[in-house]
Amino acid sequence: MAIALEYVREIYYRPLLQLVYEAQTVHRQHHPPGRVQLCALVNIKSGRCPEDCAYCPQSARYSTGIETYPLISLESLRQQAMAAQRAGATRLCMGAAWRSAPAGEAFERVLEMVRLVRKLGMEACVTLGMVSAAQAQQLAAAGLTAYNHNLDTSPAFYPRIITTRTYRDRLETLAHVAAAGLQICCGGIVGLGESDEDRIGLLHVLANLTPPPTSVPINALVPVAGTPLGQLPPPDPLLLVRTIATARLLLPTAQIRLSAGRKNLSESEQALCFLAGANSIFTGERLLTTPNPGQAADAALLEKLGLQPL
C-alpha cells in the first residue's frame, strides 16, 4: 500500500527529540545497536560529465579545478579496494562521471571491476548514471550487489537543480535495476536551497519505491566554488538529523548512509545523526572530489561513541 504524502509530512514535523527517539527505537528493532557499516567510494572516472547538476564539480560546464581522468585500470582499483578493506570497509562503491553507462570496452571493464571487488569478499555498488535494462542484467550477472542512482531532491524542486536528465529518467533507471534483481541504493541531498516540503517530497518518493531501497545515502551539500550552488552555506545539521530520522521511520530496514558533508559536521552533530538512525558512513580522505574525514578520524570517532564496524 502506498505511503501517503500527509503521513510523511506528519512524521517529518514531529518535535525533533521525539522524532529522534522514535527513529532510534525503530532502528534497534531492525538493526544491531551500536554497529555501523564502513563503506569506501572510489572515483573510477573523474570529471568531464556533460550534465548540469548544479551542485557537482564534475560537470564539464563548470570551472572547478578538479582532477579529471579516464576510467582507471583494474590494478588501480584492486589496490584501492584492498586498502579500503584493510581499513575495515565491507562495501565498495565505484562512481563514474557519465550521463549514461557506456557500451563497449569501458562497460566491460566495469563488469571486471565488479567481479574483482566481489572476489575480495566485499559488497559491490556502482553509480554510472543511467543504465539500460540489458546493462542492469549484465551488472547483476557479474555479481553486483547494488546500483546507486540518487533522486537528489523532490520532483517539484528537481528542475531547479538539473535540466539534462528528468526525474522520470531516474525512476526508469531504478526500475531497470529492480527488474534485474539488484538492490536499490537511492537517496538525496540536503542543503540545495530546497524547502522542508521538498525534503518531505523526496522522502515520500523514496518510501514508495518498489522494491524499497536497501541503502539510502543522505548527503549534506558540500558547496564547491565554480558550481552554481558554490556560494550556498552548508545546511543546518539539524535538518540533516530530521531528514535521517524521518527516513529511518519510513524505511526501517534500510542502511541509512551518512554520506557527503561529514567534514563540515562536528563529532556531536555526527553523533546525533547516528542516534537518528544513520548506520553507515563512507571512509577515506575524499568522497569522489570533496573532502571527507580520514580513516584515523573516523576510527577515533567510532571509539568515542562506542560504535563498532559491522
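Note that Cβ sites are derived from N, Cα and C of the backbone, with glycine treated the same way.
What you see is a predicted model, and the numbers here were worked out from it, not measured in a lab.
Cross-referencing CYS185, CYS186 against the [2Fe-2S] cluster binding annotation in Swiss-Prot, which names CYS93, CYS125, ARG257, picks out CYS185. Long-range neighbours of CYS49 ([4Fe-4S] cluster binding site) (same chain, six or more residues apart, CB within less than 8 Å of its CB): CYS56, GLN58, SER59, ALA60, ALA97, TRP98, ARG99. Sequence-distant contacts of ARG257 ([2Fe-2S] cluster binding site), defined by Cβ-Cβ distance under 8 angstroms and a gap of at least six in the same chain, are GLN37, CYS39, GLY187, SER215, VAL216, PRO217, ILE218, ALA278, SER280, ILE281, PHE282. Summarising the environment of CYS125 ([2Fe-2S] cluster binding site), the number of other Cβ atoms within 10 Å of its Cβ, over all protein chains shown, is 23. Its own atom aside, the Cβ of CYS185 ([2Fe-2S] cluster binding site) has 26 Cβ atoms within 10 angstroms in the protein chains shown. Mean pLDDT across the domain 'Radical SAM core' (34-262) comes to 96 in this model.
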